[in-house]
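Participant: Dumping the structure here so I can ask a few things about it.
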Amino acid sequence: MGIGYGASDEQLEKQIGCVKYTLFCFNIVAWMISTALFALTVWLRAEPGFNDWLRILEAQSFYIGVYVLIGISIVMMAVSFLGCLSALMENTLALFVFVGTQVFGFVAIVAGSAVLMQFSTINSSLQPLLNVSLRGFVATSEYTYSNYVLTMIQENIGCCGASGPWDYLDLRQPLPSSCRDTVSGNAFFNGCVDELTWFFEGKTGWIVALAMTLGLLNVICAVMSFVLVQAVKKEEEQASNYRR
């Protein structure tokens with residue numbers, strides 16, 4: 001009986017060690033991804049040209065999801081250290097706290113990513129904002145500032161009007177040179193609302209992918225932590241029975 005119990009105890013100890021160090025490695029990876037997510041979101045928020053475009057177009061609601069992901073990336077960087085310590089110490093209370101933070105992190109990441117996509121994809125809440133702003137600039141294109149904004153956007157993005165060249169034609173206005181391809185001389189077919197949305201979508205695609213990868217790691221770490229808790233409890237029960 002003593003030999004059998006010792007073998008079982010040794011096997012459980014090996015399993016705990018395997019789970020513990022795997023969880024430790026996953027937390028290191030989670031910390032690296034959190035750091036990368038923080039760097040990308042801060043860069044997106046601080047990029048001068050991008051920020052100026054959103055300010056001019058009165059579409060700064062785009063930043064709501066960015067702020068959420070900046071905040072959660074900071075929290076996840078700190079939580080990763082908690083995960084490493086709780087795993088190495090095999091402290092059940094700390095592991096339960098860690099599981100709770102992973103669940104919170106997953107929910108916050110999904111929410112932040114959803115908000116960011118809600119303001120950066122086709123048929124999203126961003127498009128009506130861009131449509132109102134751009135139509136206003138087209139209607140007042142005879143003014144210097146409106147003409148400057150339209151020229152800047154249309155030349156850089158390769159678009160015309162809010163929804164297309166007909167925005168100018170409907171107002172009986174001539175198509176500006178910025179609405180035409182410099183090589184062929186043909187008017188750009190796509191409106192600036194769609195082109196800008198695709199542009200913003202490209203900016204946020206990598207950020208959302210990175211955030212969802214971090215969310216997946218949150219789930220894996222939470223499950224592994226729970227498994228480690230159960231294994232540690234079983235080890236404590238075996239030690240208690242052995243002492244009896």
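Placed from the backbone N, Cα and C atoms, the Cβ positions cover glycine too.
Curation plays no part in TrEMBL annotations; they are all automatic predictions.
What TrEMBL records for this protein is below:
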- 21-44: transmembrane segment (TRANSMEM)
- 64-88: transmembrane segment (TRANSMEM)
- 95-119: transmembrane segment (TRANSMEM)
- CYS159-CYS192: disulfide bond (DISULFID)
- CYS160-CYS179: disulfide bond (DISULFID)
- 206-229: transmembrane segment (TRANSMEM)
Participant: Using Cβ-Cβ distances, find the residues under 8 Å from CYS179 (disulfide bond) that belong to the same chain and are at least 6 apart in sequence, listing them in sequence order.
Facilitator: GLN154, CYS160, GLY161, PRO165, TYR168, ALA187, PHE188
Participant: Give the number of CB atoms, excluding that of CYS159 (disulfide bond) itself, located within 10 Å of its CB.
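Facilitator: Looking across every protein chain shown, the total is 27.
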Participant: Sequence-remote contacts (6 or more beyond its ends) of the transmembrane segment (206-229), Cβ cut-off under 8 Å?
Facilitator: 16, 19-20, 22-23, 26-27, 29-30, 33-34, 36-37, 40-41, 44, 66, 69, 73, 76, 83, 86-87, 90, 92, 95-96, 98-99, 102-103, 105-106, 109-110, 112-113, 116-117
Participant: In the same chain, who gets a Cβ under 8 Å from the transmembrane segment (95-119) while lying at least 6 residues past its ends?
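Facilitator: Answer is 59, 61-62, 64-66, 68-69, 71-72, 75-76, 79, 82-83, 86-87, 125-126, 200, 204, 207-208, 211-212, 214-215, 218-219, 221-222, 225-226, 228-229, 232.
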Participant: Please list residues from the chain of CYS192 (disulfide bond) whose Cβ is under 8 angstroms from its Cβ, counting only those at least six apart in sequence.
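Facilitator: Those within reach of CYS192 (disulfide bond), by Cβ under 8 Å and sequence separation of 6 or more, are LEU130, LEU134, ILE153, GLN154, ILE157, CYS159, CYS160, GLY161, ALA162.
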